[in-house]
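According to Swiss-Prot, the feature active site, proton acceptor maps to 66, an assignment based on sequence analysis. According to Swiss-Prot, the feature shikimate binding site maps to 15, 16, 17, 62, 86, 99, 215, an assignment based on sequence analysis. Residues or ranges marked as NADP(+) binding site in Swiss-Prot: 123, 124, 125, 126, 127, 146, 147, 148, 149, 150, 151, 213, 236.
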């Protein structure tokens, strides 16, 4: 009997998760399918419980439901400490967060070392929470820069219980960029074709790495600037595929072909 998985969010029409997971199921000849479901916040609990009672294997949870998912199913330690869940497993009846691990795996697979490295994270929203958590757990020193300095300071204060984290403004950004080994963009800047990147080539050099979580477009203005400076670059599809692979493994106990998932996502864009 086929096992169904899916992603719930609002909106969810542009999700690449079905393409990635179905490609992995096909490659492994597994009798499973993955679909997307648009669910508003007021219906989230009913949708999750309904999927469970219908025999689904599990769900991914995306914007804007990641925090609410913690209140519906018992979170594991990582999801609890991050304050958000993106993966629900109905066999274990647990909520997990694979975003942090996906970001770290993307950096590692891109040849970037993290222990004792300085990292500048742009943005202090939900995506930043998972990324900063993953970084400090790997022994990096993290500076969070945000337009609203108080928000960066608040996130840094919370994450400081897990490692070395500081909050700052976007003022004098060039100096802050030059002081670190890695720059990570967790903001939506770059989704618009005319968006101007916060970090430009004159702030960077070839010893640094730049990671942009934005994946529409894959080649963001920030990554173009980084390449022009000779810096190492990692794009958002790399993280998307790896967080998806972690969810797949939680549900099935099988390590999926990450290369197949990543290629299918790139081909779908």
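Each residue, glycine too, has its Cβ placed from N, Cα and C.
On the structure: features taken from Swiss-Prot.
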residue: 15; record: shikimate binding site; Cβ neighbours (10 Å): 21
residue: 16; record: shikimate binding site; Cβ neighbours (10 Å): 22
residue: 17; record: shikimate binding site; Cβ neighbours (10 Å): 23
residue: 62; record: shikimate binding site; Cβ neighbours (10 Å): 18
residue: 66; record: active site, proton acceptor; Cβ neighbours (10 Å): 25
residue: 86; record: shikimate binding site; Cβ neighbours (10 Å): 29
residue: 149; record: NADP(+) binding site; Cβ neighbours (10 Å): 16
residue: 151; record: NADP(+) binding site; Cβ neighbours (10 Å): 16
residue: 215; record: shikimate binding site; Cβ neighbours (10 Å): 21
residue: 236; record: NADP(+) binding site; Cβ neighbours (10 Å): 23
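Counting every protein chain shown, the number of other Cβ atoms lying within 10 Å of the Cβ of residue 147 (NADP(+) binding site) is 13. There are 24 other Cβ atoms within 10 Å of the Cβ belonging to residue 127 (NADP(+) binding site). Listed in sequence order, the residues of the same chain lying 6 or more apart from residue 99 (shikimate binding site) and placing their CB within less than 8 Å of its CB are 82, 84, 86, 127, 130, 131, 134, 239, 243. Cα-Cα distance from residue 151 (NADP(+) binding site) to the residue listed as 'active site, proton acceptor': 19 Å (rounded to the nearest whole number). There are 12 other CB atoms within 10 A of the CB of residue 125 (NADP(+) binding site), with all protein chains counted. When the Cα atoms are compared, residue 66 (active site, proton acceptor) and residue 125 (NADP(+) binding site) turn out to be 12 Å apart. Within 10 Å of residue 236 (NADP(+) binding site), as judged by C-alpha distances, the binding-site residues found are 215; the full candidate list was 15, 16, 17, 215. The Cα of residue 123 (NADP(+) binding site) lies closest to that of 215, out of the binding-site residues 15, 16, 62, 215.
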